[in-house]
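> Before I ask anything, here is the structure I am working with.
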Amino acid sequence: MKYLVSFRNAFYSTIAYRGNFVLRLVTVSLQIGVAVFMWQAVFRFSGKGDIAGIDPLQMTYYLIIVNLLSLIFSTSLIFKFSQLVRSGNLTILLLRPVKLLVQAFFEYVGLSFPYLIIYGFVLVVSSETSSQSFTEILMTLALFAIIYITFFLLISAMSLVSFWLIQVWPMRPVINALFMLLGGQAFPLQVLPQTFRWLEYTPFALAGNQLALLSLGKVSSVQMLLVFLASISWSLVFLILIKELWRKGIHAYEGVGS
Amino acid sequence: MIRLYRTLIKQSFEETFAYRGTTILTIVFGILFYAIVILTGSVYFSFAKDIFGWDFTDYLNLVTTANVMTYLYEFLFVQSQEALTSQILEGTLDYSLIRPVNTYWFHVLYRVDFPSLIPLILTVGIEWVIIARIRLSFSQILLYVLIVMLGTLFIFCLNQIAVTATFWIDGLSALAGLPEYIMDASTRPAKIYPKVIQVLFLWILPSLTVTNIPVSLRYRTSFRAVIWLAVVDACLLIASKFEWQRGLEQYVSAN
């Protein structure tokens, strides 16, 4: 129950700052527009009807979904944690009878909840272009939940570098760029040569590229299984990393300002 | 003011070496970001050798020029603007307001971000090679440098206006990121966009002019666009100073 309070507070903070909420939707629309117009130009000047099995309409839906996913898979946790370490306010949280990782997860879900609703709406609209059965839709949702946890663990592990770094803002454009490239925000990874196809199983690709293709019904059962195994494996790696980084980081933490 | 700026630069330099880990990561991430943008462009041009008359060299020129402007802006202003947001919100501007200096320029030039200098030098070097390859004349190179300076001023003004809005708006953090998104959207050939968007971002808020005009120097010289960019910069600078003056009237000290 105590963690539900964290979820509720985070959810309210997203919708309470309506200006932020609307501006984020505006900036994502801007990113979608840039990618869609760029790809329309590529389709037009390449003279091809489809690229890597994706036609122009599917590419548009793909780009809308993958950019919405970038809102759901937020990295704000890294900067929030950095602020807590820098100000020394982490000490207050350490004294509370809560598991910080669980609390952070509920907060993470709360922050992205409004975007999850929008994502669900877009899925319903885009489902007209795919021919997924009810079982496949359920499997897509189950994979979404697993990948969501994997990505949260990745962000949690990344946030722990705040114990050693004073400024983490230089990471922001790089994370955005990684999501753009590896997450398939600029283009589906399927357009890359076969040599680079392993990139489809990196955490950013699972959260962006694979989930967007899953939503369009463009992933086979074998690939679904691979995505599932990759996600579980990454989760284990990040859990070990979090444990180790926390153990070392908490010793480096000075609690200045608390 | 020059002596004061020299002192502020010295402080920034010392901070850079005090936080060596952050410095190294800033450099690495800056270069990585540039590499990713180029890689994305190479994917586009692997399917179409020519997009609206632009080849991959033009695209490389576009993203490199845009990055030169961004890194120059980051080197000169980004740390000052980051600090300013928190100083306004925390009500700690008093220390500068009581000093016998121009507070606007003091806060604009408060810090220099030395780590951004490395990716800046790298992108300037690459741009130098591109310019040699596309054979721009001496006068075209001078015009290119002028546009880069005007473009940097344009990016600074957009960000300064967004940051100064903190005097009135608390918690609208997404606003600070808006100029970055606008500039990112502008690192594409203007012609891929519909006419309405082209007019909006070529003439009204000329972010596409900033990035596209240096590339088009290879084919033609548009003095009209450069003059218009200078006029817009002047207007934005005046608006930013006006906003600062009005903002100070809203300021609440925490002392």
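Every residue gets a Cβ built from N, Cα and C, even glycine.
The annotation transmembrane segment is assigned in TrEMBL to A:21-39, A:59-79, A:100-125, A:137-166, A:173-192, A:222-242.
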> If we call contact 3 or more Cβ pairs under 8 Å (sequence gap 6 or more), are the transmembrane segment (A:21-39) and the transmembrane segment (A:137-166) touching?
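Contact between the transmembrane segment (A:137-166) and the transmembrane segment (A:21-39): absent, because fewer than 3 Cβ pairs are under 8 Å.
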> If I count Cβ-Cβ pairs under 8 A between the transmembrane segment (A:173-192) and each of A:59-79, A:100-125, A:137-166, which range comes out on top?
A:59-79
> Which bits of the chain, at least 6 residues beyond where the transmembrane segment (A:137-166) starts or stops, bring a Cβ under 8 A of a Cβ in it?
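Result: 72-75, 77-78, 80-82, 84-86, 101, 104-105, 108, 127, 175, 203, 206-207, 210-211, 214-215, 224, 227-228, 231-232, 234-235, 238-239, 241-242, 245-246, 248-250, 252-253.
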> Using Cβ atoms and a strict cutoff of less than 8 Å, what residues sit near the transmembrane segment (A:100-125) while being 6 or more residues removed from its termini?
3-4, 6-15, 21, 25, 64-65, 68-69, 71-74, 76-77, 81, 93-94, 149, 152, 155-156, 215, 242
